[in-house]
Amino acid sequence: MLNDTTSKDYEYEYDQEQYSDLLNVPVDCPAGNCFSNDAYLIVLLGLYSVIFLVGVPGNTLLAWVTWKESRHRLGASWFLHLTMADLLCCVSLPFLAVPIAQKGHWPYGTAGCWLLSSITVLSMYASVLLLTGLSGDLFLLAFRPSWKNADQRTCGVRVVQVSSWMLALLLTVPGAVYRKLLQEHYPPRLVCGTNYGGSVTAEVTITTVRFLFGFLVPLVFMASCHGILQRQMARRHWPLGTAVVVGFFICWTPFHLLRVIIAVASSHSPLLAWALEAEPLVTGLALAHSALNPIMFLYFGRKQLCKSLQAACHWALRDLQDEEESAVTKVSTSQEMVSEMPV
């Protein structure tokens, strides 16, 4: 997916850390089913364009709506932070599209290589950590009565949101350290890639950290929270909070699994060849998540879509409030029934 020259002696170039840089097209095709370079470029440029055209205005509108709502509804602040993370990714896409159009040549220098790759990785980590916090918030609302206290919850949510961004930044740094401008000779060009200097330990460590903290641990936690909440909900439906979490993992699961395959597959193996061929499509799916939340808001607010996009987003946020109130009401009712039972 991304340009990379690493310790693996292989005819394909790939990036072990970033996910939104230029995707290198395979230079040979053991399976005999590669697309042409031009076809890959057209698909990638088209995909980046769609994500940018949907994601930037969509997330901008969503940021405005959630900012206004967050002054009255604490739950809306989660989506404000998520929207900012998605917007970071979306605004970087035109810059990342230029190397694609130039068939791999990186025009932004060393600083641009480090900065653009860091922005997109930061967006990924921030999104998954904020979604983890949102899931925990909904779970505590349902099963910890004291969490309903306005002051306590407000303080806790703010701390988690700030901590999510700080931890995301911290997790971004190790991979950024290995981002370098690399000189290729066939064809001659400068590429922005990852160079571990032959350190297998560094490569495995960064891949493992990204997989655990960017995927597996949040997945287990969120699946547990929303699975329990779904059983407790007074209404049987897919609420906005759950839908956003599911959308994230639909987009990102193939990417994380493919990165593990690329990290552990032996050089020259058919498995590595297949993984690198699949990489452009998988990366595109992951990047598409940054434009997904505005679409979800329009779907959940479709009853008000005839009025305006802003009205639809406002209506969708009501679903989150209903989700919070439904979980709290369900648990409160259960507790009342228990307290009324004869001893």
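Cβ from N, Cα, C; glycine included.
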Quick one: which of Cys29, Cys34, Cys192, Cys225 does Swiss-Prot link to Cys113 by a disulfide?
-> Cys192
Swiss-Prot: matching membrane side for His72 and Ile206 | no
Of the residues Ser7, Ser326, Ser332, which is given the phosphoserine tag by Swiss-Prot?
-> Ser326
Of all the disulfide-bonded residues here, Cys113, Cys192, which one's CB has the most other CB atoms within 10 A?
-> Cys192
If we call contact 3 or more Cβ pairs under 8 Å (sequence gap 6 or more), are the transmembrane segment (209-231) and the transmembrane segment (121-143) touching?
-> yes
Which bits of the chain, at least 6 residues beyond where the transmembrane segment (156-178) starts or stops, bring a Cβ under 8 A of a Cβ in it?
-> 17-18, 74, 77-78, 81, 114, 117-118, 121-122, 125-126, 129-130, 132-133, 136-137, 147, 194-197, 202, 205-206, 209-210, 213-214
Could you give me the DSSP helix, strand and coil counts for the topological domain 'Cytoplasmic' (68-78)?
-> 8 helix, 0 strand, 3 coil
If you average the pLDDT over the topological domain 'Cytoplasmic' (232-243), what number do you get?
-> 69
